[in-house]
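Visitor: Quick one: this structure, given as structure tokens, is what I'll be asking you about.
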Ligand SMILES: NC(=O)NCCC[C@H](N)C(=O)O
């Protein structure tokens, strides 16, 4: 039976000091962020996900963005080497959590850097963004880790946003969605649908045809609902102020057979 486990990590008390690269810094309300995180976790639970909390990393402001620290392909957990040095200490706790779940563990090594937010899986195709956080060595190491397992790895330039998945994600039918002004080369994605809002580009597949989206993309929610998708929204405004999105707050483990 495929698994439905999701890793999450409680926000650090230092969250408001998280990195900001492509947007203007705005004051983060950490109390509200805590409430929004609880509601996000509850949305996962409500849709059948067993939520597993990684040990908090209170000294790391960006640790809530757990997606950046590990990339799953089948049963293999590739522990990343985040492009931002201030985020490197986040990986230890995540490695412990995936090992405990019985994953095979692999690593991105120096000089490679890779953030999980730069990796989008669509079936057996693994798109990897080569941008501010993921370098060429990181792309090569990801290829070496996943191609032997049957993945087709496609490298994609990313220059306008933080991560590949800040620009594009995919619907359950494999259609890649994104907000054109933020994508370097939309033509690299077969079956591409343009959406009207930047944060409309971010969906988490909850299973059963349901999509988790941010409340900040009402026009895209309407568009996707009109196409017959079942949209669930959560307000993640405080994480969006730090360039976070719905995808980066969890890591879904769908192919654990332990
Ligand atoms: N995968 C993601 O979208 N991660 C968001 C990370 C935001 C964090 N403030 C950072 O700059 O690393």
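For all residues, glycine too, the Cβ spot is worked out from N, Cα and C.
What you are looking at is a predicted structure, and each value in this text was computed from that prediction instead of being measured.
So TrEMBL has the following annotated:
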type     : residues : note
ACT_SITE : 163      : active site, proton donor
ACT_SITE : 248      : active site, nucleophile
Visitor: About how far apart, in whole Å, are the alpha carbons (Cα) of the residue listed as 'active site, proton donor' and residue 248 (active site, nucleophile)?
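Guide: About 10 Å separate the Cα atoms of these two residues.
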Visitor: Any idea what DSSP makes of the residue listed as 'active site, nucleophile', helix, strand or coil?
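Guide: Where the residue listed as 'active site, nucleophile' sits, the three-state DSSP reduction gives helix.
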Visitor: Around residue 163 (active site, proton donor), how many other C-beta atoms are within 10 angstroms of its C-beta?
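Guide: Excluding its own Cβ, residue 163 (active site, proton donor) sees 28 Cβ atoms within 10 Å.
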Visitor: Quick one: give me the count of other CB atoms within 10 A of the CB of residue 248 (active site, nucleophile).
Guide: 26
